[in-house]
Amino acid sequence: MSEVNIRQVPNDFAASAHVNLEQYESMYRRSIQDPNTFWAEQAKTYLDWFQPWDSVLEGNFEGEARVTWFKGGKLNVAHNCLDRHLDTRGDQAAIIWEGDDPSEDRTITYRELHAEVCKFANVLKAKGVSKGDRVSIYLPMIPEAAVAMLACARIGAVHSIVFGGFSPDALRDRIQDAEAKVVITSDQSLRGGRKVPLKGNADKAAAQCPSISTMVVVKRGGEPVEWKEGRDVWYHEEVAAAAADCPAEPMDAEDPLFILYTSGSTGKPKGVMHTTGGYLLQAAMTHKLVFDYKDGEVYWCTADVGWVTGHSYIIYGPLANGAKSLMFEGVPNYPDNGRFWQVCDKHNVATFYTAPTAIRMLMGAGDEFVTKHQRSTLRLLGTVGEPINPEAWEWYHRVVGDGRCPIVDTWWQTETGAHMIVNLPGAVDMKPGSATKPFFGVEPLLVDDQGNEITETPAEGNLCIRNPWPSMMRSLWGDHKRFVETYFKMYPGLYFTGDGARRDEGGDYWITGRVDDVLNVSGHRLGTAEIESALVLHPKVAEAAVVGYPHDITGQGIYAYVTLMAGEEGDKALADELVKLVRTEIGPIAKINLIQFAPSLPKTRSGKIMRRILRKIAANELENLGDTSTLADPEVVNVLIDNRLNK
Ligand code: WTA
């Protein structure tokens, strides 16, 4: 590991950081040895409770993996994110919104956001939404998305956000699974100067969702939309007519806060369910300590609220801490590749948090897009979503951060709710490409394929977590059995992350990527099974196998092997059709890069597709294909190699 270029956080940063190394080590020790006392203290420090809890942690990862945190405690997330700040910072910005068009922006204070949330909560109530009901949100990055989330939280409704880049079919599946009563959308969304007909998509989805009685429509794009009387209402009209007084519902710490669908290695997307108290605590605490957030600073996470990063680090964590959270509607390359840095200057951004794919893309566009902007207020940079390659790290550090800003590499997942492994700035040295050390209360470990813990160091293996942490998901919506089978069966008594990792001599963790059949394209999770199901819908397709391969910008690209029905010919036109089909079924984020038509796929004698071999061929790594002797027909592999597309 001698080639690792260890970097220290600059002294002046470290001197004022919330946590130094000594504090990190002693707090970490306590968090593991005595989690109940540790987390009780944190819960009192970070959150406002209407009523204290009966027990801190109950349960473990054995059996049904039923876990509770702060059971019996009563609190409300919207109260914590809004009401409690009104006396001290009512007139301070809560959300600084920057539109797709650089001339459009809006600052919303805590008082204004509170008023709007109360009104919209009353609208939801009037539409028959009460505690425990589900509300689907299919919105672009506009302040109303934050209002909708917090309004649900205020009345105890469970929100399920569906990323605006998902197709009508994907939205339909998610609404149906959650049995949502209401869907909130906008006429159009606006990204990179282009309009996407969100309401049109929502109409198509809702037509097959009998549970939906109301569609609330925010006016954003301004183009005409179809209207279904009795179901559709305009957001602005309803809010204008609503009362501004809406008490925050006292929720049990274990009441559900939201469902967020994410891709797994098999079957349909899973409805990851998060609850109230533990989730908000770890989101708030990590936001403050990992980003070393200081009161009054402008903090910017570039994610979309449709992903977990947007939930925890645009809305819940920052607002619980009374932060100024910047919300950006647009894209990094519109009007040009300097947009991020132009926005940093315009709003005096101190913390900037983005994904490696965006960094790689901007790195390719050239330094001048960065250096023509000042970036003088930047203090800290962050990355999330996939492993960051050292070159991109160095560029981010040297060019974007002028060598002055520490970078935090945050490893976590939709399922974990908040940061899990991360180099706390001021406490832990930076190693480009490594998320380094566990956050408080998190016990990572490596296991081999047989499930034995690997105790030596350095080592490489499957990344598991030993004990419950406050912001962990509690279940999969409506399917606790799948929850147990997906995460706790493979290595009994442990949570299996689906990621591989390396532990270096210093005990620091390096995430190497998914070891299951989940793809990570531009930091977005996609299941190979979902893409395959879409491909086989085509009447000419007999069978499909999808794998990821290394891609310079998006981290992974999507490579599909397709076997056609007897007598069919694969050509460019058919490949284009298949790409389009997958886009229609799942959404524009599921863009296949390469399609190889294959007369047959390598299978074991029991008929299982050997994905390991397909991955190697897609990656153009032919030296070490491994054992092919168990294949039913080893010759198939040579045909695939001869016709491979990534040479
Ligand atoms: C990957 C996103 C390396 C990992 C918050 C994980 C990362 C998946 C990092 C979860 C990181 C996330 N370094 N890999 N800092 N952060 N990942 O659910 O494979 O969309 O399992 O949550 O992203 O993706 P998800």
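Count begins at 1; order follows the chain as displayed.
For all residues, glycine too, the Cβ spot is worked out from N, Cα and C.
Where the annotation comes from TrEMBL, it is an automatic prediction and has not been curated.
Marked as domain 'Acetyl-coenzyme A synthetase N-terminal' by TrEMBL: 24-81.
Per TrEMBL, domain 'AMP-dependent synthetase/ligase' is recorded for 83-477.
Look at R191 (CoA binding site): DSSP puts it in a strand. Around R191 (CoA binding site), the same-chain residues at least 6 positions away in sequence with a Cβ under 8 Å from its Cβ are D100, P140, E329, G330, V331, Y334. Feature annotation from TrEMBL assigns CoA binding site to R191, G192, G193, R194, T309, N333, S522, R583.
DSSP assigns R514 (ATP binding site) to a strand segment in the three-state reduction. If you look up TrEMBL, you'll see G385, E386, P387, D409, T410, W411, W412, Q413, T414, D499, R514, R525 marked as ATP binding site.
The domain 'AMP-binding enzyme C-terminal' annotation in TrEMBL covers 530-608.
According to TrEMBL, the Mg(2+) binding site annotation covers V536, H538, V541. Cβ neighbour count for H538 (Mg(2+) binding site): 18 (other Cβ atoms within 10 Å of its Cβ, all protein chains included).
If you look up TrEMBL, you'll see K608 marked as N6-acetyllysine. In three-state terms derived from DSSP, K608 (N6-acetyllysine) belongs to neither a helical nor a strand segment and is classed as coil.
Averaged across the domain 'AMP-binding enzyme C-terminal' (530-608), pLDDT in this predicted model comes to 95. The Cβ of W412 (ATP binding site) lies under 8 Å from the Cβ of V384, A418, H419, M420, I421, V422, each on the same chain and at least six residues away in sequence.
For T309 (CoA binding site), the same-chain residues that are 6 or more apart in sequence and have a Cβ closer than 8 Å to its Cβ are C301, A303, Y353, V384, G385. Here R514 (ATP binding site) is compared against the binding-site residues N333, S522, V536, V541, R583, and the shortest C-alpha distance is to S522. Candidate binding-site residues: R191, G193, R194, S522, H538, V541. Not one of them has a Cβ under 6 Å from ligand 1.
In sequence order, the recorded positions near T410 (ATP binding site) (Cα within 10 Å of its Cα) amount to none of G192, N333, H538, R583, K608.
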